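Chemist: A single structure is presented below for examination.
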Amino acid sequence: MHRIGNAVRMASSSSANATITARHTQYSHAKTGGFSQTGPTLHNPYKDDPILDRTLRRLLPESEYMRVAADLSKFGDRITSEVEHLGRQAELEQPRLEHQDAWGKRVDKLIVCNEWHKLKQICAEEGVISIGYEDSVDPFVRRIHQVAKLFLFSPSAGLVSCPMAMTDGAVKTLTSLNLYGKHKLATEAVDRLRSRDPSKAWTSGQWMTEKKGGSDVAGGCDTYAVQIDKDTYRLHGYKWFSSAVDADVALTLARIVDSDGNALEGSRGLSLFLLKIRDESGNLNGIQMVRLKNKLGTKQLPTAELLLDGAIAERIGDQGRGVAGISNMLNITRIHNAVASLGYMRRIISLARDYSTKRVVFGQTQSKWPLHTTTLAKMEVDTRGSMLLLFEAARLLGLSEAGKSSDVEAMMLRLITPVLKLYAGKQAVPMVSEGIECFGGQGYMEDTGLPTLLRDAQVTPIWEGTTNVLSLDVLRVFSGKENILLAFGKRVEQLLGNTKTEDEKLKKSKEAVESALKQLQKLLVKASDSAIQGETRIDSVARHIAFTIARIYSGALLIDHASDSSVANQSDIEVAYRYCCEQPLIDLRWEWFASERVKADREIVFDNFTALEKSKI
């Protein structure tokens, strides 16, 4: 009996252990194989850039170059160690708006993440705005320094670069109107907008867009100003697209209402106003935040519709000169827009280049497959051309602010600003898309952060004037009193004058630019003569003209850079040759100018458009 009892107990114990073991094995890690991909690494964007350092070395005096290079190198380390993470978090923790508190009180509380606030603090600490206005530094140097720093910052900035653009534009506007030291609010605003102290620094908004339209400022403005006393007014209107609504001050346009309740229409009726967004108690200044915009990209950035119902503002500048007053702002923000475009282009190339050394496909890394490196090389060539165009704009802006511009340089600044903005914006979207393709399916995955670059880049051809709007602005530049076409030719010839013609590739590059320039000049002169007879519509080819100017100018800059043996290397020569000789610098034909072609365009576009008869088209 004793043996039988032991046997029963052993059998029972064995059964229990089996049950425990069976239950235990229900829990184990999934077997997914040992392979995982290695993502791209963001290196110091200053040290990692193939052309930025050489460009600055050429443009700046040696002592200034050393100072600027040290600052940018240090900032590049901060971008990789801190800024990039903050910008990513701003995308993941997007702003939201609470209209009412729990008790039904209207509060219009804008909630942004801590990372957004930290990024704004970093902008002040790093002097992102103040660098452009430091009295102790030559304006020529400081603008180049500022643009370089913004270029490094922009793709990691979590769209804080947008309020920085508007802040820079506001400082430029207020100082250009000679208000500093003469106007209390303007003086305080300038000091705070360019402050390096995060506890004192302000940011500015610009509220120009209304329901009737964006770029048509004169026709679209439906905001009215009722005078309280000499220069103080109450504003009433609806601002349709207002970015960075957590700003401290804003510049806006409005129509002054006279004593009879009438307001002048058109651009002559617009005046410029400066207002604080909140009063001393922190309450909104006669402003209601109606809603945050649901945008394709730039989701980190709080963009709102605003109802102005008695917002107290101060008129700055002469009455009826509002459009002229914002011209300086637009020049600055358009350069910032180009910085953003090129920042996205450079970032996607840098990440794709790094990834190509890690991703193994068909037995070797992407970097060893000729087709892949050819793709990246084409992207690099186009980016370098526009990068030099950007720093040409920075150089010209600095010379203008220093009062050192020649007549040709002054005209080139007016021409290059819209050309740079529209061309870089038009390049950015397809290039970032191409770069995302370099990552295969991973480029399409939201949690890699790569799609954010594409969505955010899409705004750059739209903000501060679409491609078509700015192309028409380029035509207005040519229709002015100055002979811009002649000045453009002189600048290109000046750049080509240093060409190392003993180098066959540079010689051919120079010939290609000269040929394209002559063709453009011939076509524009011919079109101007025929336009009197109504045979041509030069406006229909405005974007082709603008693109051609961008390519010719960029090509000449690349040749000039590659001919400087003190900084250039063999890749600079190859880039200049590929840019100028392996792709068309001019994409323009005489038959495209014909008035009859416009009629044919309409027939193509509205073929079988059933709503045509009911529309006003």
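Positions of Cβ are set from backbone N, Cα and C atoms, glycine also.
So Swiss-Prot lists these for the protein:
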{"type": "BINDING", "residues": "206-215, 241-243, R359, 366-369, E437, G441, 464-466", "note": "FAD binding site"}
{"type": "COMPBIAS", "residues": "11-22", "note": "compositional bias 'Low complexity'"}
{"type": "COMPBIAS", "residues": "23-41", "note": "compositional bias 'Polar residues'"}
{"type": "REGION", "residues": "1-47", "note": "region 'Disordered'"}
Chemist: Relative to the Cβ position of S215 (FAD binding site), how many further Cβ atoms are located within 10 Å?
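Modeler: Its Cβ shell of radius 10 Å holds 17 other Cβ atoms.
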Chemist: What's the number of neighbouring CB atoms sitting within 10 A of the CB on S243 (FAD binding site)?
Modeler: 23
Chemist: State the three-class DSSP label for E437 (FAD binding site), counting H, G and I as helix, E and B as strand, and everything else as coil.
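Modeler: Note: E437 (FAD binding site) is helical by DSSP.
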Chemist: Report, as numbers and ranges, which residues of the same chain sit near the compositional bias 'Polar residues' (23-41): CB under 8 Å and 6 or more residues beyond its ends.
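Modeler: Same-chain residues near the compositional bias 'Polar residues' (23-41) but 6 or more away: 351-352, 354-355, 358-359, 439, 442, 448.
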Chemist: Out of Q206, T209, S367, give me whichever of these binding-site residues has the highest number of other Cβ atoms within 10 Å.
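Modeler: Answer returned by the neighbour count: Q206.
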Chemist: According to DSSP, does K212 (FAD binding site) fall in a helix, a strand, or coil?
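Modeler: Assignment for K212 (FAD binding site) reads coil.
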Chemist: Once the DSSP letters are reduced so that anything not helix or strand counts as coil, what is G465 (FAD binding site)?
Modeler: coil
Chemist: Once the chains shown are all counted, how many other Cβ atoms turn up within 10 Å of the Cβ of K212 (FAD binding site)?
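Modeler: I get 13 for this one.
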Chemist: Count up the helix, strand and coil residues in the compositional bias 'Polar residues' (23-41) according to DSSP, in that order.
Modeler: 2 helix, 0 strand, 17 coil
Chemist: In which DSSP state, out of helix, strand and coil, do we find Q206 (FAD binding site)?
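Modeler: DSSP assigns Q206 (FAD binding site) to strand.
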Chemist: Non-local Cβ contacts of G465 (FAD binding site) (under 8 Å, 6 or more apart, same chain)?
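Modeler: The list for G465 (FAD binding site) reads S215, L330, R334, P418, K421, L422, D473, given in order along the sequence.
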Chemist: Taking 10 A as the limit, how many CB atoms besides its own sit near the CB of E437 (FAD binding site)?
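Modeler: For E437 (FAD binding site), the 10 Å Cβ neighbour count is 12.
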